[in-house]
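Below is one structure, written out as structure tokens, with a few remarks after it.
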Amino acid sequence: MPGILHERSIPVVAALWTFTLFLIVRGTRGSDDVLIDWGRLWLLFARINPYFFSALGIAGSVGLSVAGAAWGIFITGSSLLGAAVHAPRITSKNLISVIFVEAAAIYGVIVAIILSTKLDYVPPDPDTGAFHASTMLAGYAVFASGMTCGLCNLVCGICVGVVGSACAIADAANPTLFVKILVIEIFGSAIGLFGVIVAIILSSNAVFDKV
């Protein structure tokens, strides 16, 4: 019965979300005939200090990557210790899974160091008090680069952690499965490497020119 109610509630929830989004985009208010003026909403982001976005991107790169690594080590380590009670031989061999997970945090630290070296203060226009467009672009580029790396390594750490957990349990039951599952871990760890590559490409736009 609960499963049937859950299946029936999915279309209702989807319809409510669709109706809510419709009201947000096409809702009426006064003579403007629109609930949100997207053109003016952009001014909110245009007035935010670009160095705030830069700091947020660097923090996101380190924080999310370390969170993913910690989560993955927690998942892998708990299963490894539990399975090692019955098969102590798997302990040293399955430390490779922990190393793969830890690589996600290292990727985040590397990108954060690269981004921090690109920061250079450019004062705003003394007349208008606004930052130049190139400075805003550089701030957004650092933010996008850091968050791309952080989110990719967050997912990478969880992915490798889950696979490493299964690898430890499978190795305890059948030693021949270790190498086969290790290949899956290698492909899972490539997700974080993809994020690093894209982050470095995005960071090439982070140039704080003094105009």
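Just so it is clear, glycine is given a Cβ too, placed from its N, Cα and C backbone atoms.
Heads up, TrEMBL stuff is auto-annotated, nobody curated it.
The transmembrane segment annotation in TrEMBL covers 51-74 (among others). If you look at the transmembrane segment (51-74), the same-chain residues 6 or more away from its ends with a CB under 8 A from one of its CBs are 98, 101-105, 107-109, 111-112, 115-116, 119, 121, 138-140, 142-147, 149-151, 153-162, 164, 192, 199, 206.
Looking only at the domain 'V-ATPase proteolipid subunit C-like' (56-115), the predicted model's pLDDT averages out at 91. TrEMBL lists 56-115 (among others) with the feature domain 'V-ATPase proteolipid subunit C-like'.
Residues or ranges marked as transmembrane segment in TrEMBL: 95-117 (among others). Counting same-chain residues at least six beyond the ends of the transmembrane segment (95-117), those with a Cβ under 8 angstroms from any Cβ of the stretch are 54, 57-58, 61-66, 68-70, 72-73, 76-77, 80, 142, 145-146, 149-150, 153-154, 156-157, 160-161, 163-165, 167-168, 182, 185-186, 188-189, 192-193, 195-196, 199-200, 203, 206.
Same-chain residues lying 6 or more positions outside the transmembrane segment (137-170) and placing a CB less than 8 Å from one of its CB atoms are 49-54, 56-65, 67-76, 78-80, 83-84, 90, 94, 97-98, 100-101, 104-105, 107-108, 111-112, 115, 118-119, 131, 177-178, 181-182, 184-185, 188-189, 191-192, 194-196, 198-200, 202-209. The annotation transmembrane segment is assigned in TrEMBL to 137-170 (among others).
Residues or ranges marked as domain 'V-ATPase proteolipid subunit C-like' in TrEMBL: 143-202 (among others).
The transmembrane segment annotation in TrEMBL covers 177-202 (among others).
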